[in-house]
Amino acid sequence: MKAILRSRLTPLVALALIMALVPMIAPTSFHLRVAALVWIFSLAALGLTILMGYAGQVSLGHAGFLGIGAYAVAIGPARLGLDPLLCLLLGAVLSGLIAWLVGRPILKLKGYYLAIATLGFGVIVALILHSETELTGGPDGMSVSRITLFGWRVTGALNWYWVSAGALLIGALIALNIAASPTGRALRALHDSEVAAAGAGIDVSAKKLAAFVVAAVYAAVAGGLLAAMNGLITPEAASFSHSVELVAMVIIGGLGSVFGTVLGAAFLVVLPQTLTAFQEYEQAVLGLLIMVFMIFLPQGIVPSLRAMIEERLP
Amino acid sequence: MSEFLQLAFSGLTVGAIYALIALGFTLIYNASDVINFAQGDFVMIGGMGTVFLMAAGLALPVAALIAVVAAVLVGLLLHRLAIEPARGASPVTLIMITIGASIFIKGVSQIIFDKQFHSLPAFSGDTPIPVGGATILPQSLWVMGTALALVVALYLFLEHTLVGKAVLATAANRLAAKLVGINVALVLALAFGLSAAMGALAGVVATPITLTRYDIGTLFTLKGFAAAMLGGMGNPVGAVVGGLLIGLIETFTAGYLSSTYKDAVAFLMILVVLLFMPRGLFGSRTVERV
């Protein structure tokens, strides 16, 4: 039992099973769309799991990278006449490149200083998307053309469900492989002590930068998928509150746990949908729940549960 | 020259508000190592509370007093119910708790108050006072005067009273403070209460200029946090200088370059300063212990 709990494949298999089950029980296409949103946000949050959970570096501006990916898919086809799928890839590359350029200097900062630097980056990206009206459509955003996957136009809730689910499975597989690789071990080592890691011969700044770039690429791909699925994108995607949501997903589920990240994303995507019935109270309940979870399960849902189960097993 | 002076006046006014918020960040950070992302919401409570109490027929001073007391209560509750039970949690978890608190305060505020923008009448009229070719609004003097008075009062409290010294001792070393008999729990509560009071007072005097709404706190939190970090987290002088600097840079950018990107420039400057001075302008040079 313990072996199953600790196996690298367990979260992947569990995730695939859930993905296969949801369409059977989802009553309407609205529910499928919400599920697809969960997979997309899980993908964005997975990148942060690598950065925060493995490497221990915080980013309060990660929605900025999501915005870059999203607007690449929106701007490329509309303004330059490029293929949307190509733009998804270009957006990921661009996002990674920007992360590399920005990350080199700011990842030298530590703790709260890194937090404000990444936050500043996110705010600047959101402002640019907001203000360059000719390019981005300004505060009203812009519409996004459909993605064509090898001649197949991706439309409809069910198709998007499978595309997003597939993207998340690939992302989760890569994340789990990174965790088990020498780089993953190096990241965890520098998470515990940068000095000790450097002493053991790990190039600390190079590894941190790698984690930052990977996280940015995850967010950009998720942003691109989000834009293409919704057919519309606004600067709200890159906002500070969005960055906060991404961090909350990672922490509520469990810092460093892939399955936990998906759980955290599901929680924060589904909750507002169920709360729309209470409209006025939505924000109050959301804030209260984040506080309660963080106070009583500071390790996050999955690690806390796992510890409880392992304790009871012989 | 008169344009320069005009921009400097409005920059200092905005900067004074940022400075007060940054000071609130500093107080709580020094006492408890927590970065309180609900700091800007105290400003909102001060402003909105005063607006609605005045609408209920109270005079400005009474309304402002009740609003500040309400903010202090919220600050104390935040500490008692959310921060204290999570003692020992990681910094990121603590940040998330205060962000959750900020969302919660906004959520409750839009139920208690409403979702509209509100303003207060200026305390001493709207007649601009001519100064050296430029003009200054009486309300700006209220903002700067309040900020100055609070900074001086805080300084006197910290340096010249026994309780204030207990706060400084706790900030320097919590364990040592506990060992010499300082009631650390009380000091922490005091820090949260004082921060809330300063934020709320800033909100009261700023509302005639900035307007207020249930969700205006986020912007103040971001600017105040930026100001505190620019000065060097934990340094009260740095917080005040950082706040004034960000206010000035913002206003001059809006005046001479582009008003669209005034918010961006403040954050751009933080990025640049942190590159060369990774612990802010007045941050202490710490040596990492291994």
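Backbone N, Cα and C atoms are what each Cβ position is placed from, and that goes for glycine too.
What TrEMBL says about a protein is an automatic prediction, not a curated fact.
Per TrEMBL, the feature transmembrane segment maps to A:12-30 (among others).
Annotation source TrEMBL lists transmembrane segment at A:36-56 (among others). Cβ atoms under 8 Å from those of the transmembrane segment (A:36-56) belong to residues 19, 62, 65-66, 157, 160-161, 163-165, 167-168, 171-172, 175, 178-179, 184, 187-188, 190-192, 207-208, 211-212, 214-219, 221-223, 225-226, 229, 245-247, 249-251, 253, 255-258, 261-262, 264-266, 268-270 of the same chain, restricted to positions at least 6 beyond its ends.
The feature transmembrane segment is assigned by TrEMBL to A:63-82 (among others). Panel annotation: around the transmembrane segment (A:63-82), residues 44, 47, 88, 90-92, 94-95, 98-99, 121-122, 124-126, 129, 135-136, 142-145, 147, 215-216, 219-224, 226-228, 233, 235, 237-240, 242-243, 245-246 of the same chain, lying at least six beyond its termini, place a Cβ under 8 Å from a Cβ of the stretch.
The transmembrane segment annotation in TrEMBL covers A:88-107 (among others). Sequence-remote contacts of a segment are chain residues at least 6 beyond its ends whose Cβ falls under 8 Å from one of its Cβ atoms, and for the transmembrane segment (A:88-107) they are 57, 65, 68-73, 76, 82, 114, 117-118, 121, 147, 205, 208-209, 212-217, 219-221, 223-225, 228.
Per TrEMBL, transmembrane segment is recorded for A:112-130 (among others).
If you look up TrEMBL, you'll see A:160-180 (among others) marked as transmembrane segment. Counting residues 6+ beyond its ends, the transmembrane segment (A:160-180) has Cβ neighbours under 8 Å at 8-9, 11-12, 15-16, 19, 22-23, 32-33, 35-37, 39-40, 42-43, 46-47, 49-50, 54, 149, 154, 214, 218, 221-222, 225, 229, 258, 262 in the same chain.
Under the heading transmembrane segment, TrEMBL lists A:209-234 (among others). Long-range contacts of the transmembrane segment (A:209-234) within the same chain, counting only residues at least 6 positions beyond its ends with a Cβ under 8 Å from a Cβ of the stretch, are 33, 36-37, 40-41, 43-44, 46-48, 50-51, 54-55, 57, 59, 62-63, 65-74, 84, 87-88, 91-92, 94-96, 98-100, 103-104, 107, 139-144, 146-147, 154, 160, 163-164, 167, 171, 178, 183, 187, 246.
Under the heading transmembrane segment, TrEMBL lists A:246-271 (among others).
For the transmembrane segment (A:283-302), same-chain residues at least 6 beyond its ends with a Cβ under 8 Å from one of its own Cβ atoms are 248, 251-255, 257, 259-260, 263-264, 271-272, 275. The transmembrane segment annotation in TrEMBL covers A:283-302 (among others).
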Remote residues contacting the transmembrane segment (A:12-30) - C-beta distance under 8 A, at least 6 residues beyond either end: 39, 156-158, 161, 165, 168-169, 172-173, 176, 259, 262
